[in-house]
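A.B. asks: Just passing along the structure, written as structure tokens.
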């Protein structure tokens, strides 16, 4: 495996600017290394903005130069980069070996107000998604019970955020992975910021706290289904095999963390099904926090809103069809949030309706997973939300009734 080497470097700050038409902003080209001779830098021209001066000089006395960028026409993505680098000494070549990394992404927008709105919506969904884990934790603590929280959903969530945290931490802190990314995607900024690392790490921590509650509080006869264990094993094998391939340099670290991100995407698609189906089987949402759902929906709504504002501000709607995975995952989450809200506020609004549930319905990814367990049904007491065993004859009647209802629904 060949690492990307560095020598005398040229840098530019900032590497990303947003401005309106006729607005000016200044960027700074500089080097911290000793130059063998003075160097003339020529910048590429663009129809979307103007960079002044077009040509400037760097030497050991003036190791930096300011360039004023003026917006000319609306663009969602344009790049200010170096066209030529010439040494004033004809014997010496251009001393910089990383000219491709000295660039500025320029975005010319319609409105500064829309740009501020985009930032605000970004922070809203960041905080909404960050605190969305706590309503469930608080509900479990208050009830001293996790009955109603699907364990399949929880396990898949832990797997997803473990992969997502690993992706963000490695992309943000590993300089070699960053070099690989910049090499594979020229003129692209590192896609992970510090707030991404904080969010992913915090989300994983919150999921682990919820999992710990499952060992401490009443959980009835709930357990993880065999189907979920199979899916989790598949994800683990994929992560393990790709890690081994990376260790033997068959894959590079960037490809490995990209595989982790794909696992996270797959988890997001399938993790909501168990909880939604469990609510349907129980005909109740008791134990499943609606606060979590509302905050998750708010975060997804703000995310989609931000994408719409970005498209409107730059006349570029490729953010929707250019990144279908992000859009698709956001819509999947919001659709399931709507399903959960309908279940909570409409279908199962009265907790006294249809609360009888056999143990075989508690783990919801596969009904047959629980067929080997012979445990009497349990019911919810609406007043204290605790599961209380009934007499055997009532339990048998309830079990037969549930079977008939489910059979009718399927047919």
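Note that Cβ sites are derived from N, Cα and C of the backbone, with glycine treated the same way.
Per TrEMBL, the features are:
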type: TRANSMEM; residues: 113-134; note: transmembrane segment
type: TRANSMEM; residues: 146-167; note: transmembrane segment
type: TRANSMEM; residues: 197-217; note: transmembrane segment
type: TRANSMEM; residues: 229-248; note: transmembrane segment
type: TRANSMEM; residues: 254-274; note: transmembrane segment
type: TRANSMEM; residues: 286-309; note: transmembrane segment
type: TRANSMEM; residues: 329-348; note: transmembrane segment
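Relative to the rest of the structure, where do these features sit?
C.D. replies: Sequence-distant contacts of the transmembrane segment (229-248) (same chain, six or more residues past either end, CB-CB distance under 8 Å): 155-156, 159, 163, 255-256, 259-260, 263, 266-267, 270, 365.
Long-range neighbours of the transmembrane segment (329-348) within the same chain, counting only residues 6 or more positions beyond its ends whose Cβ lies under 8 Å from a Cβ of the stretch, are 265, 268-269, 272, 275-276, 279-280, 283-285, 288, 290, 293-294, 296-297, 300-301, 303-304, 354.
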A.B. asks: Check for me, if you would, whether the transmembrane segment (286-309) reaches the transmembrane segment (197-217) - at least 3 Cβ pairs under 8 Å, residues 6 or more apart in sequence.
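C.D. replies: Judged by the Cβ rule, the two regions do not touch, with the required three close pairs absent.
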A.B. asks: Do any residues, 6 or more residues outside the transmembrane segment (146-167), come within under 8 Å Cβ-to-Cβ of it, and if so which ones?
C.D. replies: 136, 140, 192, 197, 200-201, 203-204, 207-208, 210-211, 213-214, 217-220, 222-225, 227-228, 231-232, 235-236, 239, 257-258, 260-261, 263-264, 267-268, 270-272, 274-275, 278, 282, 284-288, 363-365, 387
